[in-house]
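Quick notes on the structure that follows.
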Amino acid sequence: MLADWFSEQFSTGVLIVPCMLTLAIPGVLPRFKAEQMMPAIALIVSVIASVVIGGAGSLAFPLPALIWCAVRYTPQVTCLLTFVTGAVEIVLVANSVIDISVGSPFSIPQMFSARLGIATMAICPIMVSFSVAAINSLMKQVALRADFDFLTQVYSRSGLYEALKSPSLKQTQHLTVMLLDIDYFKSINDNYGHECGDKVLSVFARHIQKIVGDKGLVARMGGEEFAVAVPSVNPVDGLLMAEKIRKGVELQPFTWQQKTLYLTVSIGVGSGRASYLTLTDDFNKLMVEADTCLYRSKKDGRNRTSTMRYGEEVV
């Protein structure tokens, strides 16, 4: 009797506790595509096979399907499917629908073995599910660190190229690429220290991001150099945005240890027609143009916007 009680409590706990701990009621029920239902269908088929074939080994038939579910579904769904499968098997064994007696009368020791076997089987997909969830979470963190600059929280160079592949840019007909360089940034590091320099970069990036908003993409290319890509249908939009950025930076005071600093920025602008299918290549070509114009802005006194179009130079 003690063995029967122990096996019942143990198997019940293994099946129910993970399900209860991960239980969450979604606000909106997710829509499953036909191919996403294949693991669940395989699970149903494997349980039916257990009934048809019988024998003690048939209790493990659903295990491959449960592991498939663990790989494809969330831990919450996996725990629920594991609980339902285990409960169904226990009920089927108890009512001799799945025959594991192999010709001998059904006894408590056999039920003890069946319950422990089902509980052990249930642990495997749950462990796999949480392992997969942990790996996916880690991969997202790695991707986030690769795509965003840690200091400024804007896109990194690689993140910008990934963002240019976004389906939201399919309507792009024109692209303006700006290359921004904070004027005399080295003197800020020399006079106020690198901690101040890092703070300047962070505040500068946040200010640029606020000005650009959802109209463009902001990235730190390295050091004090930033890039802004503005997809549009109007060639003038990008140039107006560049001047808005330059003036916005010039008028924005920066405070460091009770001292007020004013920053200026030199901007080079590359502008031209672009297509979503070749957006990365178009960006690279316009970056070369923007780099040339940035050099001109710095050579001609800094704190200015230079472009090869629309009057050669805007100040």
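Yeah, the Cβs are placed from backbone N, Cα and C, and that goes for glycine too.
Copied from Swiss-Prot, the annotated features are:
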- 10-30: transmembrane segment (TRANSMEM)
- 41-61: transmembrane segment (TRANSMEM)
- 80-100: transmembrane segment (TRANSMEM)
- 116-136: transmembrane segment (TRANSMEM)
- 173-310: domain 'GGDEF' (DOMAIN)
- Asp181, Ile182, Glu224: Mg(2+) binding site (BINDING)
- Asn189, His194, Asp198: substrate binding site (BINDING)
Other C-beta atoms that fall within 10 angstroms of the C-beta of Asp198 (substrate binding site):
13
Packing count at Glu224 (Mg(2+) binding site) (other Cβ atoms within 10 Å of its Cβ):
21
Give me the CA-CA distance between Asp198 (substrate binding site) and Glu224 (Mg(2+) binding site), in Å, as a whole number.
10
Per DSSP, what is the residue count of the domain 'GGDEF' (173-310) in each of helix, strand and coil?
71 helix, 43 strand, 24 coil
Applying the rule Cβ within 8 Å of the centroid of the Cβ atoms of Asn189, His194, Asp198, what extra residues of the same chain belong around the substrate site?
Ile188, Gly193, Glu195, Cys196, Gly197, Val200, Leu201
Neighbours of the Mg(2+) site Asp181, Ile182, Glu224: Cβ within 8 Å of the Cβ centroid, same chain, sequence order.
Leu180, Asp183, Phe185, Phe204, Gly223, Glu225, Phe226, Val265, Ser266
